[in-house]
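Visitor: My questions all concern the structure below.
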Amino acid sequence: MIHDTFQTITTATIGLGLAAIAYRSTKLPKMLGRATWDEDKDVKDFDYVVLGGGTAGCVLASRLSEDPSVSVLVIEAGEDMDNNIQTKLPIGYPKLFQTKHDWQFKTIPQTHAEGREMDQVRGKMLGGCSSINAMQYTRGPHSDYDAWESEFGNEGWNYKSVLPYFKKAEGPWHQSYHHFSPTTKAFIQTGVAMGLPHTPDPNGKSELGVARMQTSMNANATRCSTSSAYLRPDIVPGGGTRGHVRVVLKAHVERILFEIQDGVPTAVGAEFRDDKDVLRRVYARREVLLSAGVFCSPALLLASGIGYRIHDSIPLLHPLPGVGENLSDHVGMSVVYACPPTTQTMHTAFTPSKLPKALYQYFVHGTGPLTSQVMEAACFVRLEDIAPEFVAREKANGTYQERASGPNAPHIEILFPACFVDNEDFTRMDDTRKNFYTLLVVLLNPASRGRTSARLTEVVVDQKKMPTKKSDKEGEAEKRFKVEPLIDSNFLADEFDVRVLREGMRFARRLGKKMQQDPALAGFEYVPGEASVPSEDDEAMDRYIRQKCTTFLHSVGTCSMGPATNPKAVVDERLKVHGVNRLRVIDASVMPKVIAGHTAAGTVMLAERAADLIKDDWAGKDVSAS
């Protein structure tokens, strides 16, 4: 979806912009700590083995290595892109979509969305999605985290308890405001004119209202990913007053290694393929920490015999029916407006006549449109405020579902990118009209739930190439399997989701009509067009929603946190996998419900708190005797 936004920005524009950042970036030196596997130099035993160097994994490695006696191994499938100008330049991230730096996952055909497969962009590089996302920083409603404790039974995860970890993260992981276009300012003014409260800080007491978006960007107008923030040169490889951190790149984890100790499966290490496709084994003296993301974490559990049987060759070590279940994600669609050439948009900012100015602003001052992450503002609203008749009718019919966690939690988000964003059919763009802005309607509390499973591709591995311990058998080649996630987001399976999106789209259109009255915006609805999809025609609107909805890439829940009595729970409140020793899952997959905001901030908070939980659990323990 967002990739389409940038089709109107020429390759020359991006190329020059990326060249500009080469001067603005401080190049990180190459270090021995970040490299592909070296069989001659690498050790095989660490205190902690972190599976996945993504958004959460980088935080964990950094915080755990604050103990100078600790060694941490991070196994990352992608490359180190912290020196790459495409990850640094705020506006450049869509150029990484559908490349080798994106896992390029797709859902299976979505039954309730016209049978369409949907792209699930995920960062395949150090820093994970924090190195490829739109850099929006929203914590979400306080009541969402209160519900993690009160509704889902996770003690210590209420907002008051997690707030210190949000604040702690803001030390290394910088948050700031950058580009603020006149068009974005006009969007905010229009929202206020329609009665929405102006929210100076959407991460304060309430996110309800219209606000400028905060971003995870450095003061020098470059992306602040968790890899660049937490795994700096003074942290990797470490030593001295810090523990040692080894980051192995281009390494694909195939399974978690277990031993049965006192009748309980106990994680002791991991098996991975290095950059030469040789199978390697590493071992954890303390714990294995699974941070492979919402799709790969459950897939790796299944491939390791935790959850349910997915193949005859994989013994089931521990049944856990919740693995891969409870998948939820934000879904929505766009309403696009064509506007006159006088409206200042991302399209007009990069015309040949204005490009030199944009480069000067960025190169000299670290300002201007090249610092934009596209969606500079948003409004968060509740249904009773934008569609009271709908709420009353649904309640009268007994069909209303209160999905928000509290009275200050929104139901709908309207994002404002000052450019063309069509969900599916970019070919609808009229060459005679090259100036657009878009209202993106986002369903924040979906009722529909999907699932992630795993599919296996058989490969043959020569065990003679695999380093072994005394307990391992050497000899003939044996069959192994490459694991890949099988994703069914199950979008719009619950009809209530469609009805809520319908009201969200009607509100967006009312907002759009008001925006058209402002000379700074003007324009008319271009996609889908009021004649094609009239607001008073429920069936036409529902058909458009099912045909054009798309993911906003905020999937969570596939290793849900909750008590063992919950059949869908995979980890407990200390993020330990139920029924298994020395294994935790630490990433967005443990969130029991998607927050009514963007998920990056919550994921980093979660990893910060997890690091303290791990430290507390191992404080004063003799590792050699454990």
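Each residue, glycine too, has its Cβ placed from N, Cα and C.
Sharing the feature lines straight out of TrEMBL:
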ACT_SITE  H554  active site, proton donor
ACT_SITE  H598  active site, proton acceptor
BINDING   V253  FAD binding site
DOMAIN    46-331  domain 'Glucose-methanol-choline oxidoreductase N-terminal'
DOMAIN    483-607  domain 'Glucose-methanol-choline oxidoreductase C-terminal'
Visitor: Starting from the Cβ of H554 (active site, proton donor), draw a 10 Å sphere and report how many other Cβ atoms land inside it.
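Guide: The Cβ of H554 (active site, proton donor) has 23 Cβ neighbours within 10 Å.
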Visitor: V253 (FAD binding site) to H598 (active site, proton acceptor): how many Å between their Cα atoms?
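Guide: That separation, Cα to Cα, works out to 28 Å.
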Visitor: I'm trying to understand the geometry here, so how far is the Cα atom of the residue listed as 'active site, proton donor' from the Cα atom of H598 (active site, proton acceptor), in Å to the nearest whole number?
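Guide: H598 (active site, proton acceptor) has its Cα 7 Å from the Cα of the residue listed as 'active site, proton donor'.
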Visitor: With DSSP, how much of the domain 'Glucose-methanol-choline oxidoreductase C-terminal' (483-607) is helix, how much strand and how much coil, in residues?
Guide: 44 helix, 21 strand, 60 coil
Visitor: On the 0 to 100 scale, where does the mean pLDDT of the domain 'Glucose-methanol-choline oxidoreductase N-terminal' (46-331) fall?
Guide: 96
Visitor: By a simple count, how many Cβ atoms lie within 10 Å of the Cβ of H598 (active site, proton acceptor), its own Cβ left out?
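Guide: Around the Cβ of H598 (active site, proton acceptor), 27 other Cβ atoms lie within 10 Å.
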